[in-house]
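In TrEMBL this protein carries:
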DOMAIN    78-278  domain 'DUF6708'
TRANSMEM  26-48  transmembrane segment
TRANSMEM  68-87  transmembrane segment
TRANSMEM  232-254  transmembrane segment
Amino acid sequence: MRVSENCLFMRPAFGSMFGGRYGISWWATVAVPFLFALFSVGTFAAYGHQRQYEGYGGGVSAFFLENWDVFIGAPVAFAFACIWLYIPWRTQLPIIFNRRTRKVTCVVHGTWVSLPWDGLEAYIKDVTTFAAGGTPVNEGVLTLAFPYSIQNSQRINQKLRVGITGTQDHAQAIINRGIYGAAQIWEFIRLFMREGPSALPLSSARTPYSISHASEAVRHFSPLKVLKVKKAAWLLFAVPFFIFIALPVAPILMLGDISYMWLDRILPRRQWPQELIDACDGEWDGRE
């Protein structure tokens, strides 16, 4: 998530699937211009049909104004219906690993917890997700356990647990789904706490969590990429794909990605508790 001289900030598993590029909220953002384009084409086709077979005498502009609720109303209604998808993304609070104080701090179920690094209990869960009509998917989750006692409770050894989703950016993590990505995250954290940020490997992320300039979206979704084939024979498939799919779809993906960049900048974030700001020695407050 973020690395500073003394602190490592990690996103908890809860809410992570909603945020970032290719997260649920990103797909919802991309779907809005896609629906606008789809309903605009449908409205234009309806105009041609009514003009040819039903004697409609108005122009294209007049027809679109008469049916604005279709090509504008449907995407707007979809956008309002998806507002809740942005809430988990914007309300996430990080897990902070401070190598100066040797402490791990986070908020679990509304409770602020902090524990010395040397006493931290961690384990990896191999989570299997089932989908009707699909195959099971194994995902690794690195779980941190914090001792916690409840007043007037007879139970002992109670713990609060928070998870960190395993990375899927490394090639081996894609092939070996499950605990491999979570083990990589754990080794990344241990390396930071032991040797500092200078010892951390460079990011191997396939795509950044967010973009900082519109040109990044243009380069990433350039339709010309489909024409870069190793053998000329593949052009028989690449050229039709480029003309009929990549060329019309790429601008929509670019527009959605750029829109997501602006949403990331303007949507409010959850204000950090003062305990979290103090836990990272004031190095970050989550506002950027």
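Positions of Cβ are set from backbone N, Cα and C atoms, glycine also.
Source: prediction; values computed, not measured.
For the transmembrane segment (68-87), the residues of the chain that approach it from at least six positions outside its boundaries are 18, 24-25, 28, 31-33, 35-36, 39-40, 42-43, 263, 267, judged by C-beta separation under 8 angstroms. Cβ atoms under 8 Å from those of the transmembrane segment (26-48) belong to residues 19-20, 56, 60, 63-64, 67, 70-72, 74-75, 78-79, 82, 85-86, 252-253, 255-257, 259-260, 263 of the same chain, restricted to positions at least 6 beyond its ends. Per-residue pLDDT, averaged over the domain 'DUF6708' (78-278), rounds to 86.
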